[in-house]
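Below: one structure, written as C-alpha cells.
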C-alpha cells in the first residue's frame, strides 16, 4: 500500500511540474478536513478520540510520507519528555528537557543541511513537537509549585498530575497540526479531547455539544488555497534569485527596496496558505474553539497562527511579530523570554537576545536564520526605545489621546516596519551567508546603519533630555488639571482637602 499510494502523486507531479512530496503535503492538509469532521462526531469517550487522532497522524507520517525513522524520532522525543517530567522532580527538569529536545531538533537540521533533499523529512513535525514538549515540561513544573508563585497564565496552563500516556500520545500525534503546526499547550488538548471546553454549551436535548464550525473552517480552507495560488503565481513573476542578478544591482535604490518588499510579501504567502489550511482543520475538529464573543457567537481563534492583515499593516515591530506565527511567538514568550529572566525582574535585552537565538536554532542551522533573528533582536530593542521615548510626543499630554500628528507617526511606522522586516527577511529566505550579505550590501546596509545610530542615540544623554521633556509635559498637564478641578470645587470641599505642592508633580514618576 505504501507504494500504491504514491502512484497518483507521481502522475500529477509529472503533469503539473510539482514535486510529489508537495502534492502529498497538500493532500494531508485537505484530507485533514473530513478526518476532523469524523473526529468531531466520534463517541465522547476520550480513548476512542485519542486512538483516532494517533491513527490518522501515523497514517500521514508512514502511509503517505513513509517517514518510518521520523516516527521513531518523534517517539523518542515524546517518551523522553514524558518520563523525565514524570519522575525527575527538580527545578532543572524543564531546562534539561528544553536543552535535549531543542538540541535534538537542531541536530536534525544539521543532518538536513549536510544532506539536502527535496523530499519531506521529519524536521517540520519535530519543530512543532519541540514547542509542544518543552511547553509540557514547564506546565508539569508549574503544577508542582504553589499557586502563589505562578502568574495567571501559568496557573491556567499548570498540570497538577501527569496525564495518561494515551492522552499524551494523542497530543503528540494530533493530526490537524502534526505537519506544520500550530502548536498549543497540553491543557488545550485535554480540554478538547474530554469535551470539557464545551461544557458551558451543553444542551441536554442535543447529542452534540460542540458548536458547528463548518463555515469558519471552510473559510480558512478557501483563504489558504488562495494564498498558495497567489504564491505559485507571484514567485514566478518575482523570483527570489533575481536579487542576486546584475540587473538588480544596477537598479535605483528605491526600486531595489520596492522589489525586496514585494519578494518578501510573495514568500510570506506560502506560510499564510499553509497556516490557514491547518487552522481550518483545527477549527473543524473543534480545538479551535475559544469561547463566545460579546454577541454570544463562537470564537475560533484558540490556535490561530497568522493574521495577514494585521501583519502587513502593522505600524510597529511589536504588532507585526504578534500577528506572525502567533503560537510560536506565544511559546517563545512564555517558555523562553519570561523564563530566562530572574524571578521578580523584568525581562531585558538578555531575554530578548536569548529568545531570538533560540528561535534561530529552532528554525535551522543556516547562517541566514541567525542573521535575521539576531538583527531582529536589535531592531526590536530600537522599536521599544522609539515607542517609549519618541511616541509620547505624538500624543496629547494625557498620554492617551492621539495628537494632531499621530496619524503621520503611524504611517511612517507602518512603512518603516514593512521595509525593515522585508530587509531582514531576505537572509531568512536566501539562507546563504554570502548571498545574504551581498543583497544587504546592494541595499547599503541601511537598516543596520539605522539600528546602530538609533542605539547610540538612545544610549546617550539625548534619551534623558527626551524623558525630561515628556515628564515636563505630563506634570504640567496634571497640575493644570488639578487647578481646573479646584476651580470647580466648593469652598467647603476645599477645606477638607490637603492641597499638594508643585513639587509633588515635578517628582512624579
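Cβ atoms here come from the backbone N, Cα and C positions, even for glycine.
What Swiss-Prot says about this protein:
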{"type": "TOPO_DOM", "residues": "1-14", "note": "topological domain 'Lumenal'"}
{"type": "TRANSMEM", "residues": "15-35", "note": "transmembrane segment"}
{"type": "TOPO_DOM", "residues": "36-55", "note": "topological domain 'Cytoplasmic'"}
{"type": "TRANSMEM", "residues": "56-76", "note": "transmembrane segment"}
{"type": "TOPO_DOM", "residues": "77-94", "note": "topological domain 'Lumenal'"}
{"type": "TRANSMEM", "residues": "95-115", "note": "transmembrane segment"}
{"type": "TOPO_DOM", "residues": "116-223", "note": "topological domain 'Cytoplasmic'"}
{"type": "TRANSMEM", "residues": "224-244", "note": "transmembrane segment"}
{"type": "TRANSMEM", "residues": "247-267", "note": "transmembrane segment"}
{"type": "TOPO_DOM", "residues": "268-410", "note": "topological domain 'Cytoplasmic'"}
{"type": "ACT_SITE", "residues": "363", "note": "active site"}
{"type": "TRANSMEM", "residues": "411-431", "note": "transmembrane segment"}
{"type": "TOPO_DOM", "residues": "432-441", "note": "topological domain 'Lumenal'"}
{"type": "TRANSMEM", "residues": "442-462", "note": "transmembrane segment"}
{"type": "TOPO_DOM", "residues": "463-509", "note": "topological domain 'Cytoplasmic'"}
{"type": "REGION", "residues": "488-509", "note": "region 'Disordered'"}
{"type": "MOD_RES", "residues": "490", "note": "phosphoserine"}
{"type": "COMPBIAS", "residues": "500-509", "note": "compositional bias 'Basic and acidic residues'"}
Of the listed stretches 15-35, 411-431, 442-462, the one with the highest count of C-beta pairs below 8 angstroms to the transmembrane segment (247-267) is 411-431
On average, residues of the topological domain 'Lumenal' (1-14) score a pLDDT of 76
Near the topological domain 'Lumenal' (77-94) in space but 6 or more residues beyond its ends, with Cβ under 8 Å, are 100-101, 104, 126, 129-130, 133-134, 136-138, 140-141, 144, 162, 165, 168-169, 172, 339
From the DSSP assignment alone, can you count helix, strand and coil residues within the topological domain 'Cytoplasmic' (268-410)? 92 helix, 4 strand, 47 coil
Quick test of the contact rule: Cβ under 8 Å, at least six residues beyond the ends. What residues does that give for the topological domain 'Lumenal' (1-14)? 20, 23-24, 27, 62-64, 66
